[in-house]
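Contents: one structure, followed by commentary.
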There are 4 protein chains.
Amino acid sequence: MRIGILTAGGDCPGLNAVIRSVVHRAMTGYGDEVIGFEDGFKGLLEGHYRTLDLNAVSGILARGGTILGSARLERSRLREAAETSAELARKYGLDALVPVGGEGTLTAARMLSDAGMPVVGVPKTIDNDISSTDRTFGFDTAVMVATEAIDRLKTTAESHQRVMVVEVMGRHAGWIALESGMAGGAHGICLPERPFQVEDLVKMVEERFARGKKFAVICVAEGAHPAEGSMVYKKGEIDQYGHERFTGIGTRLAAELERRMGKEARPVILGHVQRGGTPTAYDRVLANRFGWHAVEAVHRGEFGRMTALRGTEVVTVPLAEAVTRLKTVPEHRVREAESVF
Amino acid sequence: MRIGILTAGGDCPGLNAVIRSVVHRAMTGYGDEVIGFEDGFKGLLEGHYRTLDLNAVSGILARGGTILGSARLERSRLREAAETSAELARKYGLDALVPVGGEGTLTAARMLSDAGMPVVGVPKTIDNDISSTDRTFGFDTAVMVATEAIDRLKTTAESHQRVMVVEVMGRHAGWIALESGMAGGAHGICLPERPFQVEDLVKMVEERFARGKKFAVICVAEGAHPAEGSMVYKKGEIDQYGHERFTGIGTRLAAELERRMGKEARPVILGHVQRGGTPTAYDRVLANRFGWHAVEAVHRGEFGRMTALRGTEVVTVPLAEAVTRLKTVPEHRVREAESVF
Amino acid sequence: MRIGILTAGGDCPGLNAVIRSVVHRAMTGYGDEVIGFEDGFKGLLEGHYRTLDLNAVSGILARGGTILGSARLERSRLREAAETSAELARKYGLDALVPVGGEGTLTAARMLSDAGMPVVGVPKTIDNDISSTDRTFGFDTAVMVATEAIDRLKTTAESHQRVMVVEVMGRHAGWIALESGMAGGAHGICLPERPFQVEDLVKMVEERFARGKKFAVICVAEGAHPAEGSMVYKKGEIDQYGHERFTGIGTRLAAELERRMGKEARPVILGHVQRGGTPTAYDRVLANRFGWHAVEAVHRGEFGRMTALRGTEVVTVPLAEAVTRLKTVPEHRVREAESVF
Amino acid sequence: MRIGILTAGGDCPGLNAVIRSVVHRAMTGYGDEVIGFEDGFKGLLEGHYRTLDLNAVSGILARGGTILGSARLERSRLREAAETSAELARKYGLDALVPVGGEGTLTAARMLSDAGMPVVGVPKTIDNDISSTDRTFGFDTAVMVATEAIDRLKTTAESHQRVMVVEVMGRHAGWIALESGMAGGAHGICLPERPFQVEDLVKMVEERFARGKKFAVICVAEGAHPAEGSMVYKKGEIDQYGHERFTGIGTRLAAELERRMGKEARPVILGHVQRGGTPTAYDRVLANRFGWHAVEAVHRGEFGRMTALRGTEVVTVPLAEAVTRLKTVPEHRVREAESVF
């Protein structure tokens, strides 16, 4: 068989582990040929690809990023890809395509699949917000990086009687904030799923100071936002270069807390360090397994599906099912964390 | 309510996170009182305990070890504990006991429960070998430590054209070897579940050298053993002090490979670094959740049960079910890893 | 003897290691009594202190922050402290005071010393900008944190053909940017010591893209600034709450590069994670040695001095010498780094 | 100019950083050509080398090991290399040779230099035992790895009332044991430089238990040994395969302590994890600087010398001076550490 693979969307620790695993399983398990398209669907459309053999994937398991590159593609061109699906498959002699990506990529994968391309998707997102899979690789690494940052900030907050506001990734789903907040022992956690009352955070901090715990760490997802009326909050203005000024929720919230309480409050915006670099052992194992199972699914002819973790097992589920709704933090997980506001 | 908690068995990253979580949930959620027995069941039998309030568990979330201590107790004294269960509960005014421990501890917990003590167990083992729960806390940390070691050893093996044999924990179940071997990209993995042929390892290494990859890393569980006849293997002799000499499988296997191939092969025995120190974010979250759910189970009166992870959810399962058999690595997980011998 | 110790100024990994070391050496080496003033000079002036024995410093070696707390004190009150120096020493029965702090603290220490207080200072700053000592503890940790971030960002930059601008600490001296930039292999480094031409950075990035290296990482000290006319650069405006908007050099530079090159450029502002949390082994050793030598200096009556690293040895140098000028990055260190702009 | 480079001796984090730095400086600074000999002096003698350009050293800065490989060479063949030095230089058209290695390599380098090869050496050893340089790269990484292990072991020792004996590298010099012992807060440190009395260790542990600190961590260099008569100590026997059984000092000491005190004492032998893998930021910076200065020395014609760190500066010193004696831990450093036995 001839299997194509591509990686699309934002960076995510574990992409290289998937590529390596697909190549290993396909070549040593089945004697397949694997080709890798460069820069996501762009490479597929424009014919940029290279053969991947064992040497090509040697030493990449623990490396961040993706050796195939990744680029965003406009929606119109994705549609083009979908429409010429069958033709593309013929052109490259593809028996299967394994696109590795997030919600957007999997939606495109589904379009391609519907149009006749034999597709087995592999879900990827540090945000852990894809339905139908218990977890996605990249998420554990993001949580680990955020937790290590909270660990460091906590000692400073405590020694200097300060409030620290850590903004972590998560535009629509609060999983990173929830788990790094729990793991780091944040005293307040704010999620996109629940508008928060600044007043409640102020009260929590003041109660802590009152009982001698003169510091607090608040972990806030970038997509979190105050309840209406709870905080004067304007979206970032446009500066002289036409760029939106960075005035994310972390910076705003720290300023607001400082203003209301007269206590030092400092924002830390973790940003891209959460989505790059070497994956945790957990993410490497999951990425490995997803790659292995994608090849198995190809050989069983289970197309139009993607790999998914269910409990301890990796299975495949219909792409259709996976991309219909975002997996957000449910109410009972919020209760467990105790400190979500 | 008055809830007792104790930690028993070997060290395991996340124990303090469970203790903290139980205290937090019980006190702030229900206004309970929590007492902690020292050194496991010993403290319960001998009356060594202390009240745990929020200050007592402040700052322990990320700390390895257990603030309550842990000690092994002979089987006879465990039976004594079980027989006097009802009396003990009365004596300390306990409405519930939360023992945190591995297979031995949970068996004891079941005996106490059968004898009338209201018990909610929390499973704990770095080996991940407890049935009825998808994972246990401590395991992720052990795998991470082992993986980081393999990452380091690999560069030396490669530069110096050498075989490295890393012995990781796992006397009866090979989960740590399986996952750290996969995550570290070990070229050979040996599990307690499958006697290995030394010959097969030799062949793998020689094939690697033949195609220019002049090094190999082999990850072997301490409980792995060669198939009968595959390797001359004597159990450790007793030295002049009456101690068994350390001649574990890692050291033996490295010597055997060196002898057979005439290539440098070096053993590294990771040992106790795998079971101590700060837990990973994953383990902290799981430990947190187990503690929270143990208190919930207490308040729902779900005794004779233990917390368990099933997919994404924490549930409770009968203690009886959990301790009947060891969870070992099944055949289909072996296949996924590719490099298990 | 009765020795007082206090920690002042911003957080710095290794403070607790110094405190512990002073207590250990003073108590077990000389049978001294040690008292710790809370929140820096404030505790000294207001009489907040506690006795520190071996138990008080148990387990703090690897902990970030300072168990004594730290607070900024206005200059007027520092003068007050200095003026009442002799009186304060009498009041607390102090035979020596060991203030641990940065340039401000050491200047205050010198004032106290001049006014009659027997003082042995210990220099502390993550910025490594104190003259008379080869290195200060805290610096190695800051460089390590920044380097790990650059390592992570690099893989994302490469996979996604992007420019990453990492802003690290260093308002007046560029040591952190220099060393983390070198260690992380940043393609551009900007220091406070040398105004940079944006044009040169643009050229470097474009040359990289031209020869197929379609990414770049630029490490910029928070105190770095463009040469006059090189970049339209306004200091942060004041927002509706009277707070200065965060518009640091990292964010500005990324926006400017994006504007000029039409390529994605993303800022990451590391912030306070660089100055908190567990110290590296290097910093723990140096902090340990500084504490030990401070006590030795006290017992040799070497007052008005501070500990300093010279080559491999810890010595003491006059406080006067240490605080006269900031240690900035010299020209020959810039040359070694190759990528400083 | 045409510069040759080779790496010899045991693995050491930072080797690749030196190679990269030499290539960068030589090519971009002077337009030199750089060739890399494979597997140390073996490649030089046998003519295995390759040209190193910027692409060849791309992405290796943070990688452990050496892309050039390293192999031990018998003394006779080293002499052969020396004798044919001038001829070899002619054969490869070498204007300079930069050998990177430890004491053995530098001795060989000196022989080559004496015989007419233009040599600038770069010292390398995780043991930090080379005279004439304040520190060597690789050492900081080894200390960091050992310190992280001690951190982990401490929590287990404490929770389980146990003695942990950690054996770290250092056959002839105790620098790793000294600094990781200090950084990890080991209660006992044993160095090759000072035979220890087991009795003193026993006393220390028993005093700790007596005052309620019921655990201890002892950090012992592999080359440490008990004072005569202090401990029955036999060198490892030879097993049936002709291999010496691993019965290092760590294992022996733990057994002996257990025997004498009747308390659990466990050995952990860190082994090769200390000498492989990604270098710390400190080691990367030092390796970078050594490489840069080696090229500068070549262009200044300073042959027969090696790079060295003196205080904050990198200088060159005569090879003759560097290899005459091992740099061991001096008495005043022992005193500072307090817990050396």
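Glycine is no exception: its Cβ is also placed from the backbone N, Cα and C atoms.
Of the residues B:G10, B:G14, B:G170, TrEMBL puts just one in the ATP site with B:R72, B:L73, B:G102, B:E103, B:G104, B:T105: B:G10.
Of the listed candidates (B:R162, B:R259), TrEMBL assigns B:R162 to the same substrate site as B:T125, B:I126, B:D127, B:M169, B:G170, B:R171, B:E222, B:R266, B:H272, B:V273, B:Q274, B:R275. In the predicted structure, the domain 'Phosphofructokinase' (B:2-298) carries a mean pLDDT of 92. Close to B:T105 (ATP binding site) in the fold, though at least 6 residues off in sequence, lie B:A8, B:G9, B:G40, B:F41, B:P99, B:G121, B:K124, each with a CB less than 8 Å from its CB. B:R275 (substrate binding site) is 13 Å away from B:G102 (ATP binding site) when you measure Cα to Cα. If you measure from the Cα atom of B:R171 (substrate binding site) to that of B:E103 (ATP binding site), you get 13 Å.
Taking only the Cα positions, the spacing between B:R266 (substrate binding site) and B:E103 (ATP binding site) is 33 angstrom. Listed binding-site residues near B:G10 (ATP binding site): B:T125, B:R275 (candidates B:T125, B:D127, B:M169, B:V273, B:R275; Cα-Cα distance within 10 Å). For B:G104 (ATP binding site), the nearest of the binding-site residues by C-alpha distance turns out to be B:T125; the candidates were B:T125, B:M169, B:V273, B:R275. Sequence-distant neighbours of B:D127 (substrate binding site) (same chain, six or more apart, CB under 8 Å from its CB) are B:G102, B:T136, B:F139, B:A142, B:M169, B:G170, B:R171, B:H172, B:A173, B:W175, B:I176, listed in sequence order. Long-range Cβ neighbours of B:T125 (substrate binding site) (same chain, at least 6 residues apart, Cβ-Cβ under 8 Å): B:G9, B:G10, B:C12, B:G102, B:E103, B:T136, B:G138, B:F139.
Proximity to chain D (CB-CB distance below 8 Å) holds for B:R266, B:V273, B:R275 among the binding-site residues B:T105, B:R266, B:V273, B:R275. Counting other Cβ atoms within 10 Å of each Cβ, the lowest count among the binding-site residues B:R72, B:R171, B:R266 belongs to B:R171.
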